[in-house]
């Protein structure tokens, strides 16, 4: 029997592990990772804004990607850290929907920014003479605004869909945050139509930037292979290495988690994959973009010198 009064009851987040002996070690590990994420991405943003030579489309998108990564992890990690030290591990019904909304909004903006960066590399390598016109500040700003708008509309639609579901006996979410699949599993409503809508809409929103990245890199590879010198080929590919690494890390785990039917949902495997793109990738992004990037290294040194002064 559907108990509609329980639909707005608080949810219980099981977290990464129910083993009480692992709670404090996990708290220490994820607190460290969260602090590294915040500090690393803030340094990237400050370095880009403080060095005029980094005021280019690529670094404009990178600074916004770093900002989105800070927001993305902040939606999830502080609540997860609190629950690791708490006995209740509860999240209100409204709090769950709000977390779900911002998680999807910032996560999808990340994917569209990665697509924008791929377009930037495509134009820079395949059509360098028209780069300044094609990637003008106005167009870059429009791409950023478009990324945010599409992502927030997607998140709003998904949350409105989830808010129409009823929840009966169990309110225990077998995850460390309010994600779509674990919440759908708890519903006593008929979720078959919701699953179809979620899968179709996810394909439209997430696959679009992914196909854009794929198309961009196919064009880049074709263009680079035509370059006669090995040094020229290596130089062209090296400008894409950092971005391509982040794309593989981000989309690899996202595709694994979301592009499967609900019947194939696996709690443990999904937790690990979700940790990859919600915590690990945002933490690694500053290192990936700075360790092999001479411009970023110069910008970070300039920022360090300013701080010392």
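One-based numbering along the chain as shown.
Any Cβ shown, glycine's included, is placed from N, Cα and C.
TrEMBL has this to say about the protein:
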- 40-289: domain 'G-protein coupled receptors family 1 profile' (DOMAIN)
- 26-48: transmembrane segment (TRANSMEM)
- 60-78: transmembrane segment (TRANSMEM)
- 141-161: transmembrane segment (TRANSMEM)
- 203-225: transmembrane segment (TRANSMEM)
- 237-259: transmembrane segment (TRANSMEM)
- 271-291: transmembrane segment (TRANSMEM)
Same-chain residues near the transmembrane segment (26-48), Cβ under 8 Å, at least 6 residues beyond its ends: 15-17, 54-55, 59-60, 62-63, 66-67, 69-70, 73, 77-78, 80-81, 84-85, 279-280, 282-283, 285-287, 289-290, 296, 299-300, 302-303
The transmembrane segment (271-291) vs the transmembrane segment (60-78): 3 or more CB pairs under 8 Å: yes
Per-residue pLDDT averaged over the domain 'G-protein coupled receptors family 1 profile' (40-289), given as an integer: 86
Cβ contacts under 8 Å made by the transmembrane segment (237-259) with residues that lie 6+ beyond its boundaries: 107, 110-111, 114, 117-118, 121, 124-125, 180-181, 199, 202-203, 206, 210, 213, 217, 220, 224, 269-270, 273-274, 276-277, 280-281, 284-285, 288-289, 292-293
